[in-house]
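*Asks:* What follows is a structure written as structure tokens; I'll ask about it next.
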Amino acid sequence: MTGRVFGALSCQKRAFIYTFHLAGTFCWFKIFNEHFYELKASDGPSMYPTIHFQGDWLLISKHYKNGRDIGFGDIIVYKKPHDFHSEVAKRVVGLPGDYVLKDPPLNGETAVEKDAQMIQVPEAHVWVSGDDAPWSIDSKDYGPVPMGLILGKALGRFWYPFNYERFENPLKPVTVGEH
């Protein structure tokens, strides 16, 4: 019966109904994408090997927008402080009040330079670093990132054909006095 009634509608009315449903679907998708989860393509070597240069899709949770519930070692997506049109993914290595080494030793080196600079992360900011530090443009280059620029937290990655890997936090915070 429903098929006959729908079939009896004029072509104009059917087009209106299809358009209405399509617009509704688009609105729900947009709301979901803005407020809950989003997929973003990876691009660049700075987070390798955690995130590959290309071909990975990051699952971003918007629950963490503006730094809400962000923790040490989380991978976040944020707008670059000096280029609001660029969005990047980096790992949080300093939270408000933490002291961080501006230029940490690279590639397994343990010696810290004599003129190494310690920086305290200001309130409402985080210090970020790429997993592949030599290729990363991050807080060592432009300073702490305001939490207001954080778009979300990367929960994991998808890659071809239908694989998913949840990100685990490999970092452990060090407290003063530990060796």
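Each residue's number is its place along the chain shown, starting with 1.
Cβ coordinates come from backbone N, Cα and C, glycine included.
Feature table excerpt (TrEMBL):
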- Ser46: active site (ACT_SITE)
- Lys90: active site (ACT_SITE)
- 37-100: domain 'Peptidase S26' (DOMAIN)
- 113-159: domain 'Peptidase S26' (DOMAIN)
*Asks:* At a 10 Å cut-off from the C-beta of Ser46 (active site), count the other C-beta atoms across all protein chains.
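*Replies:* Here the count is 23.
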*Asks:* Please work out the mean pLDDT for the residues of the domain 'Peptidase S26' (113-159).
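*Replies:* Averaged over the domain 'Peptidase S26' (113-159), the predicted model reaches a pLDDT of 93.
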*Asks:* Could you round the CA separation between Lys90 (active site) and Ser46 (active site) to a whole angstrom and send it over?
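*Replies:* Their Cα atoms are separated by 8 Å.
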*Asks:* Just to be sure I understand the packing, how many Cβ atoms besides its own are within 10 Å of the Cβ of Lys90 (active site)?
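*Replies:* The Cβ of Lys90 (active site) has 24 Cβ neighbours within 10 Å.
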